[in-house]
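> Dumping the structure here so I can ask a few things about it.
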Amino acid sequence: MTISDKIRVYELSRDLKLENKDILDAAQKLSISVKSHSSSISLEDAKKIKNLINKNSSKKILSVSKSAIKAKNENPKNNDNKNNKNFSNPSHPEKLSKEGLNKKPLLIKPTNKVVNSLVSSNIKNPNPPTIVSNLKSQALSKNQNKTNTSVITTPNLKDKKNPSALQDKKPLKNSSGSPAKTTARPPIQLIEKPKNLANSNRNINANKINNSVNQKAQSLNRADNNKLSRADNNNFPKKNLNSPNVKSTPELVGAPIRREDPKINTNRPNSNSRQPSSNTQISANRPGGQNRQGVPNREGGPYRQGSPNRPGTPYRQGAPNRPGGQNRQGVPNREGGGPYRQGSPNRPGTPNRPGTPYRQGAPNRPGGQNRQGVPNREGGGPYRQGSPNRPGTPYRQGASGIRKPVAPNELMQLQKTNASNKEKPNISNVNKQKIEGANQKTKAPNSRLNTSPSPTAKKPARSFASNTKKPGRTDWDDSAKLEALRNKNPQKQRQKVHIIGENDDSLTSETSGYSGEKVSILSASLARPKKEKSEEIKSQKPSKQFKKKKKETTRQRQKRRAMELRAAKDAKQVRPEMIIIPEDNLTVQELADKLSLESSEIIKSLFFKGITATVTQSLDLATIETVAEEFGVPVLQDDVQEAAKKTVDMIETDDIESLIKRPPVITVMGHVDHGKTSLLDSIRESRVASGEAGGITQHIGAYQVEFEHESKKKKLTFLDTPGHEAFTAMRARGTKVTDVAVLVVAADDGCRPQTLEAISHARAAKVPIVVAINKIDKEGASPDRVKQELSEKDLIAEDWGGDVVMVPVSAIKKQNIDKLLEMILLVSEVEDLQANPERLAKGTVIEAHLDKAKGPVATLLVQNGTLKAGDVLAAGSVLGKIRAMVDEHGNRIKEAGPSCPVEALGFSEVPTAGDEFEVYRDEKSARAIVGDRATDARATKLAQQMASRRVSLSSLSTQANDGELKELNLILKADVQGSVEAILGSLEQLPKNEVQVRVLLSAPGEITETDIDLAAASGSVIIGFNTSLASGAKRAADANDVDIREYEVIYKLLEDIQSAMEGLLEPDLVEESLGQAEVRATFAVGKGAIAGCYIQSGKLQRNCSLRVLRSDKVIFEGNLDSLKRSKDDVKEVNTGFECGVGCDKFSTWSEGDIISAFKFVTKKRTLNK
């Protein structure tokens, strides 16, 4: 047992037959340092603990024994005097609270012995339940009388499962110690215990009827007795563990109590008799409430432990548990359930309102004054301001009583003493039921039970802490609550506090705080609402507002669904960030298509603006901008059309004196394949068209030819523009610098989209138009039809009365070529084209590209002045110094006059096609101009890139989350800047709803190793257009597994890119029909069934999908799991054969059913969908 003369706590507790907590508490009181039950203490300390425990237990047992003997033999007055003496010693309450009350093992056996000595021998149940204890009064003041005794008969409460045994003893009289004047009571009578508890109860009730007094006295008596009855198990007198078992048949019963003093409360027990037993503690009751366990009373009063019920409440033996909570800490809920204590009214004139700081209307004690320093209640009773709060209850204002703190361990022990003996029954269930029935039948007629409780009383919203509620038990055990429901508003919600029950951890009790503190852990008997009335009402209102929800009407449901569908549709539609208007007007349908809206939305918007429009009605630019801005989409005029306008006049005022005639610049425009380049070849007598890739022009060709007119040689400068739709910007640049526009229209094809575009460009540049109707030699050519179509575009031929020159020509057979040139010269002479060749050159960059040998190369058209080799010029934001110039034939020239196209070398970087250039006298001036332009150009380029990449973030994220958005990264390198622009413009026209094309880099020039590294890092595909690979680029591409695609024709390039975008799309599943069969017989097989079928068309395949139709209605859709023919499993059965069909999930076949077989196949999606 010992190690180095030491002993462990748990060994000492085992020797003393105590719990570890008792030893720990004793060690704490003796200031012995211990931490847990496994701590070691010296033998000397162990001896001290044993002496302390034995001393306390002997004192408690001795005090209980003496009080029982005195109650039997002495006069009440003598009892009072002795009680006062006992209570005058202040050491007793402290020892009781801190030493005696927490010793559970010491409380069990002595209690049984005392009980056996005081119990009638007629009852054979173990642990007879009745003892008599004399509660002696206490003097609260020197000037107060010291009389009053009360003797009650209480059953043993050791059996928690049979709480109804409490009902067999009705209280005779109960009063509490008070400073009021008192009168002497009759002597205590010794009576024999009744043979059974029911008869005893009847005798007690008969005595009550004979000695009935007013209702106030009864309420006090019943409340006091209720307190004693609930706490009687804690107040059985103790004896030493070695004392013999004393048996005695007689019991002590209280003498008839005088009813004249209804408010005298003398149940102040002798401190020596208040020894706790294994269940609950007995405590002197204070009128209207109970003290906290283990907390001393006010000055001069006894130590009130575990007070019983308030006066005015019925005797709560076996009453149902409190609704919404458990009993006091450590005390298990009552089981079985006693009579339903409905209607027991509160003290006269006052409903017991839970949570109120004091009870109004309770009368003062007659013939006496209240306790010292306590003012009277408004109704005559004492105002309980001096009492400290109960643990966890709302703080009562004005509390001034001094209470002694109690350690958490002691408070826990007081509250859980009932748990140790809950399995020792005293009364059997049969006897319990008999006693309950007897008690219910023999209740005193003057019992204060309310016979008509409010049937509509609403239960407060309290939840039970324990789910062990017995059936048949009621939810109310306090008549004051029913009274409050009848007289007040519906009961407010109580504060949500934790009610400690029998299953709660003891650590919770230990940490529940000391007395005088506000703690959130309460015993059920002390629970009170914390909030005031106004706060409860406020907290209750929001819950009422959300209880009922209006039912949605049909119209609201339809409206909500329509809004959801519209929102879903809007989410899928990706509106453009901006729209570009290529022409002056658009129809309503065209505008709706550009805005990704329904035409009805556009019409509705116009209607609200006072404009009535139809789908085919054209809208001007101002109206288009208004409608588009309403939907949050800005409108930009076609940049191409703006580029076609001549923004700078090349002729200045200083040039007027030196002006001479200059050759006209003629731009040939028209739809693709209408013969523009062939017409120029006929004029130049060359074969350019045959040498172009794909037979189409993809660059601006600048040529100067000489033509003899009226025996004079005239120079003409021609610009050949691409006719493909991708080269709109090129056509616009050609129109910007032109003097005369030649519109080529095929006689067999008529006006096409690019034809109309060329007309708009020419009109934007305000240049005259000469129409060349080509291919008149072809079959089916109709020049008149072309004239008719052009007249619809306000181009009326001269022979039709208009002012537009139209010449039918044949480029292949060179018919009417001279007439066309004459008409061009006539028109140019009318324009009076002049320039100053003596000034510094000014002009426009027609085309530019990066040559791997020559570097940046630009095709320049001099419009005024003379350009010489060595000149310093600024083309937009690019600085250059002319190193060399060559003409269209490749011949090197030193200077170029007005209207002369040349290729110039010597630029710092590739200039932008369409920029205007100007020669400066020195490089310093040129650099200053270029610096300013470069800053502006960078800002503009950045804005354009952000605008082009700006995709709606909401739609982008939505599509990415749905897995619908795919990206195709490209790096674009082309031979010239114009080709880069054309390709980028074409890529912008591709659908981007599900696949987004990202061009990470686009520039003219050859493909370099830097491009390969970028493509490898970003997972991009390199697109090369009419360009080559730099040295080492091919090897780097192979090493990094980079895909390089080279193209010479823009058609093929765009087709491949579109195919790659479609390859990123998920394929569609399309249903493909296989065949149809008819059910002609059914066969039951096990739990399922087989359908005998005849194949009417197509075939049936095993594991294919099928639908079963009955009377043209689909009754099943699933898979064909079994397919047999002549008891053999087959993969498929063709038309005209019979077979057996089985489905695992369908067996209700019927003759005449039609089986439709189908399967799903994948279909490649296109971007058009």
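Quick reminder: no glycine exception, Cβ is built from N, Cα and C everywhere.
A quick note: this is a predicted structure, and the numbers were derived from the prediction, not measured.
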> According to Swiss-Prot, which stretch among 54-61, 670-677, 710-717, 782-789 corresponds to the feature region 'G1'?
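Going through 54-61, 670-677, 710-717, 782-789 one by one, Swiss-Prot gives region 'G1' for 670-677.
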> Identify the region 'G4' range according to Swiss-Prot, selecting from 774-777, 790-793, 938-941, 962-965.
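Matching range for region 'G4': 774-777.
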> Among all chains shown, work out which of the binding-site residues Gly670, Lys676, Ile776 has the most CB atoms within 10 A of its CB.
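Most Cβ neighbours within 10 Å: Lys676.
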> Inside 10 Å of the Cβ of Asp673 (GTP binding site), count up the other Cβ atoms and send me the figure.
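Neighbour count, Cβ to Cβ under the 10 Å cut-off: 16.
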> Per DSSP, to which secondary structure element type does Asp673 (GTP binding site) belong, with helix, strand and coil as the options?
coil
